[in-house]
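Asker: Quick paste from TrEMBL:
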type	residues	note
DOMAIN	24-266	domain 'BAR'
COILED	179-213	coiled coil
DOMAIN	314-374	domain 'SH3'
Amino acid sequence: MDFNMKKLASDAGIFFTRAVQFTEEKFGQAEKTELDAHFENLLARADSTKNWTEKILRQTEVLLQPNPSARVEEFLYEKLDRKVPSRVTNGELLAQYMADAASELGPTTPYGKTLIKVAEAEKQLGAAERDFIHTASISFLTPLRNFLEGDWKTISKERRLLQNRRLDLDACKARLKKAKAAEAKATLWNDEVDKAEQELRVAQTEFDRQAEVTRLLLEGISSTHVNHLRCLHEFVKSQTTYYAQCYRHMLDLQKQLGRFPGTFVGTAEPASPPLSSTSPTTTAATMPVVPSVASLAPPGEASLCLEEVAPPASGTRKARVLYDYEAADSSELALLADELITVYSLPGMDPDWLIGERGNKKGKVPVTYLELLS
């Protein structure tokens with residue numbers, strides 16, 4: 001019991017001494033041991049890393065889950081170490097509504113058929129979104145959280161210990177200074193000087209040891225940057241895969257809707273450019289054009305007589321196929337990713353399509369699946 005009381009009294013005395021030293025430093029009434037410039041730079045770099053990691057983490061969470069209530073729910077499940085329940089994505093919910101609407105309004109009507117097709121595409125988009133969220137959470141969000149909740153807490157703890165060791169050191173310096181001043185006035189050796197010098201040596205040793213531990217942790221921020229860089233590449237990869245899947249699903253949907261009688265696909269603006277440096281509209285406009293063929297018509301109006309189509313005498317271009325493409329009918333040319341084909345345009349063609357040739361086979365190919373080579 002006496003031992004515990006003495007320990008509490010000692011801890012209270014140390015805390016009081018540190019508080020006095022800190023207050024006097026703030027008012028400019030006490031000297032403060034300054035860290036070297038390299039150490040200060042490490043501290044500033046660590047603080048900046050922590051602050052920006054928090055901001056990137058929070059905004060990525062908003063990107064993956066815009067609903068704040070859902071984010072709070074997921075946070076609570078994580079803190080309780082429980083599995084987050086599966087949640088229907090917005091795309092999947094929209095798909096369900098469209099499918100139900102088609103069932104009630106008439107699945108055999110043009111509107112009902114289109115609703116069903118769009119619902120299938122939205123369901124695919126929802127599934128792709130779910131995969132993206134899952135992948136991004138594991139490969140990007142989790143490492144950022146681990147840094148903030150693990151490494152950064154350790155760094156913060158050691159920095160607080162270093163601050164306490166510095167306050168103890170400066171308090172010992174102040175006591176030694178006062179003891180020497182008292183000794184000079186008394187013109188005789190004061191035991192307080194020996195005691196203050198001994199305390200100062202101990203405080204200096206503890207401060208140096210803690211400074212080294214903290215410095216090593218701060219220098220480890222460089223490894224944190226390397227790890228976060230790798231995670232950032234994984235995030236970009238998963239995001240690229242997600243948007244590529246969405247693009248292919250919507251392109252396939254547009255192609256399917258173009259075959260429906262009474263739909264308006266084909267009269268709208270050209271599709272958005274694919275994941276390549278050349279836009280479809282510009283591509284079609286700069287392609288060589290062969291003489292007009294009477295039997296040609298836009299997709300959906302008449303079949304293309306491929307036997308009557310001949311390539312231009314000069315100016316055909318090579319193109320690399322970006323994605324696999326399954327021909328919808330005999331007028332189209334099936335494609336395999338990374339193969340090279342010859343392409344050219346015809347007057348009156350939909351700007352989103354070109355004529356492609358591979359050996360003795362030819363047919364229409366979508367511009368958005370191609371990368372034109374110079």
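Quick reminder: no glycine exception, Cβ is built from N, Cα and C everywhere.
Just so you know, TrEMBL annotations are computer predictions that nobody has curated.
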Asker: Could you put numbers on the helix, strand and coil content of the domain 'SH3' (314-374), residue by residue per DSSP?
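Answerer: Its residues fall into 3 helix, 29 strand, 29 coil.
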Asker: Taking all residues of the domain 'SH3' (314-374) together, what is their mean pLDDT?
Answerer: 88
